[in-house]
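Over in TrEMBL, the protein carries these features:
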TRANSMEM  18-37  transmembrane segment
TRANSMEM  43-62  transmembrane segment
TRANSMEM  83-105  transmembrane segment
TRANSMEM  117-141  transmembrane segment
TRANSMEM  153-174  transmembrane segment
TRANSMEM  180-200  transmembrane segment
TRANSMEM  335-355  transmembrane segment
TRANSMEM  375-394  transmembrane segment
TRANSMEM  406-423  transmembrane segment
TRANSMEM  429-450  transmembrane segment
TRANSMEM  462-484  transmembrane segment
TRANSMEM  499-518  transmembrane segment
Amino acid sequence: MGSQEVLGQAARLASSGLLLQVLFRLITFILNAFILRFLSKEIVGIVNVRLTLLYSTTIFLAREAFRRACLSGGTQRDWNQTLNLLWLTVPLGVLWSMFLGWVWLRLLEVPDPDVVPYYGTGVVVFGLSAVVELLGEPFWVLAQAHMFVKLKVIAESLSVILKSVLTAFLVLWLPHWGLYIFSLAQLFYTAVLVLCYVIYFKKLLGSPESTKQQTLPVSRMTDLLPNIPRSGAFVNWKEAKLTWSFFKQSFLKQILTEGERYVMTFLNVLNFGDQGVYDIVNNLGSLVARLIFQPIEESFYIFFAKVLEREKDATLQKQEDVAVAAAVLESLLKLALLAGLTITIFGFAYSQLALDIYGGTMLSAGSGPVLLRSYCLYVLLLAVNGVTECFTFAAMSKEQVDRYNFTMLALSSSFLVLAYLLTRWCGSVGFILANCFNMGIRITQSLCFIHRYYQKSPYRPLTGLYLSPVLLGAFALSGGITGISEVFLCCEQGWPSRLAHVAVGTFCLGVTLGTAFLTETKLIHFLRTQLAVSRLADKMT
């Protein structure tokens, strides 16, 4: 498979994922806004911080390293060994869920049962749901490796929507159930997610005439189960060693990703109610990152991993592949920077209005608007980091991954200390400031790697981080106008003034995007080309 074909598939995966996730996330967004009207801040804090942290930690530690290692292999591999390796995530998940469940029940502060009932049941069920989700890991990796475009997005989006609908129904009709509601909804979510993958592959492997089935390394469902090969090792030891390297890195990355939740959970710097408000604002602020940046990062990580060979630098690889990878990286950096700047500039002036519409005065009063404004700056760093790290992790050799782990260790330690100190000094905003600091360090590390990688080649993909002065001026002017508009029109003067404030922002956004369209012609050409490739691939399938 040539680099251009892989690029087309990656672009198709990202664009399809983006469109479907926007649709499904919009539905979930509305349902969650409805649910918030019936919950206390304490319930939100326990579910969205304490129990979700248990679930995400178990999932991340049990599977993240396996995913990265098994998606990095080339086309020539023994898929039986890869699938055997992936099934090890299940017993690993059982061990992690049991250990972490004990910590959550015995070592952490237990909430008042009159305010948050059935906490123990919630811990057990959230740990169980993590193990259930790991049962679908071999199916997920096989689907991603063969770029089944819509399966992942539809499965995850359908699961999220059904979970939100079930939660809303139970909150409305059985509010006294407390954490039973969210425990059942979480277990239902993971069961539906795994069933979507199982049903899809069962149907696909049962249709020999399917063109997709003919490209798979398995021919029946039993081939997906762990088996002992007649000759050779049970697993590919090269993949296993790479998995261990990624595991050490993922443990540290998890601390960086969920660091504020760990500080809140283990150091008790915020009460459960303040944790709930922070988490709502955090989820709202990261909505765009999950909708736009995550599908792009996941899809193009696969592209870079397939096009580039880990053990070779840019001068020793096929120059056609290196050129394509450099052009794609440059365009992705430009796209991430533009999207992040747009969110940052316009988010400052519309944070209070967004929170008031979404959650009422519980969110728009107090520290909520300041939190969301701070998060808008963090989104800019998230956008750039997602692109730089997806290339870096795809191109690094095993030794480089091991060396990077030491940097991650230092970042993890500094983040925990900095988050604790800043939170003591300026409240929950300190978490976001600490995240910004560490994200900046991670971006610097990745930029240094990319610079060294292409230093001896004629390609300079980091030029994607430069914007024209005209476009920068348009951003600055839009920020000033919308800031003044917020002072005079939002948000205590009624809906006519709010709508006028929105109209001002819409006009400024149109001018800014128009300026970008006229000045960033190289990026526009890249987007048009990949959209055309994606549409052609859709027609062919």
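Cβ coordinates are placed from backbone N, Cα and C, and glycine is handled just like the others.
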Which listed stretch (43-62, 83-105, 375-394, 406-423, 499-518) has the most C-beta pairs under 8 A with the transmembrane segment (117-141)? 83-105
With Cβ-Cβ distances below 8 Å as the criterion, list the same-chain residues six or more beyond the ends of the transmembrane segment (375-394) that contact it, or say none. 68, 72, 281-282, 285-286, 288-289, 293-294, 296-298, 300-301, 304-305, 308, 325, 329, 332-333, 335-337, 339-341, 343-344, 347-348, 351, 401, 432, 435-436, 439-440, 442-443, 445-447, 449-450, 465
Close approaches to the transmembrane segment (429-450) from elsewhere in its chain (Cβ under 8 angstroms; 6 or more beyond its ends): 256, 259-260, 263-264, 278, 329, 367, 370-371, 374-375, 377-378, 381-382, 384-385, 388-389, 391-392, 395-396, 400, 404, 407, 411, 414-415, 418-419, 421-423, 461-462
